[in-house]
């Protein structure tokens, strides 16, 4: 906007400065490779990488039973990524256990694990996926000539830990859940090999657009709860092993906590702020009028986050007073809010 000498920028949310050149995450306060996400124009939230926790992701945590929190309010899923599982072309067997965070959203449409030719979403994309839908376990794979799917009976929610055992030899797949009967399926078409080169994703995936995943494998949310004792073997006479190189070690991850730990127990949000935790990620959600990592700073009446916003127009500078504010008008404007020429 400009009026004679006085040009000014009306900045979009999360930017400030005369040229809107400052972004909340520029001077990234988050350490250790965390994902910085602007919570407001002055505050950032640090989405912690694998093995880190705390408001700035500065605390190391030891994870033996990873807990996942689905999709957070910023649209990111918590996940672990392991190196590509070798030799699963013709035969594989997986075993794992999981515990649900709740019996509502954790059962609706949640990804447990995925590996595949990610990105095209066309029919010929090979993939292997396991998830939950409407309270049942869903196991699907596509060897390039169509998708095979097995859906379990509804989970028995009186069990606190669920056990899954699944496998495939050439076109024939099978799934066993808890004490339910073993179910089998044969994939359509002629192809018999699973050709996947992507990492092995557990609990969610790094991009947060399910549309990037091949057609038959889309689950809207990441997993909510704990997944542990994941093991795989790629031939009948092999021992079961944990995924990853070195064994059991993920390459990367985000917002993954240790099962049954609560990062909020270590944090006190002030002035009515609410502690929000999402795996290892933790932050204070402040009431109107408060800001800062622990909601200890007041939002001045002139700041962009103030509700309601100040009414100074045409580049007028807001100046806080004891009871409210006044507008300091640039040349060529007048009126209480500099609204008149």
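In case you wondered, yes, glycine gets a Cβ from its N, Cα and C as well.
Given the structure is predicted, the values throughout are model-derived calculations rather than measurements.
According to TrEMBL:
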DOMAIN    21-58  domain 'EGF-like'
DISULFID  48-57  disulfide bond
DOMAIN    69-259  domain 'Laminin G'
DOMAIN    260-296  domain 'EGF-like'
DISULFID  286-295  disulfide bond
DOMAIN    298-339  domain 'EGF-like'
DISULFID  329-338  disulfide bond
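Put simply, of 69-259, 260-296, 298-339, the stretch with the most CB pairs closer than 8 A to the domain 'EGF-like' (21-58) is 260-296.
Tertiary neighbourhood of the domain 'EGF-like' (260-296): same-chain residues 39-40, 42-43, 45-48, 52-55, 57, 61, 65, 67-69, 72-73, 78, 226, 254, 305-307, selected by CB-CB distance under 8 Å and a gap of 6+ residues from either end. In this structure, the C-alpha atom of residue 295 (disulfide bond) lies 18 angstrom from that of residue 57 (disulfide bond). The C-beta environment of residue 48 (disulfide bond), restricted to residues of the same chain at least 6 apart in sequence and closer than 8 Å, consists of 32, 34, 54, 57, 254, 255, 279, 280, 281. Shown in sequence order, 312, 313, 314, 315, 316, 327, 329, 330 are the residues of the chain, 6+ apart in sequence, with a C-beta less than 8 angstroms from the C-beta of residue 338 (disulfide bond).
Long-range Cβ contacts of residue 286 (disulfide bond) within its own chain (separation 6+, distance under 8 Å): 269, 271, 272, 273, 292, 295.
The Cβ of residue 295 (disulfide bond) has 22 other Cβ atoms within 10 Å, all protein chains considered.
In the domain 'EGF-like' (298-339), helix, strand and coil residues by DSSP number 0 helix, 12 strand, 30 coil.
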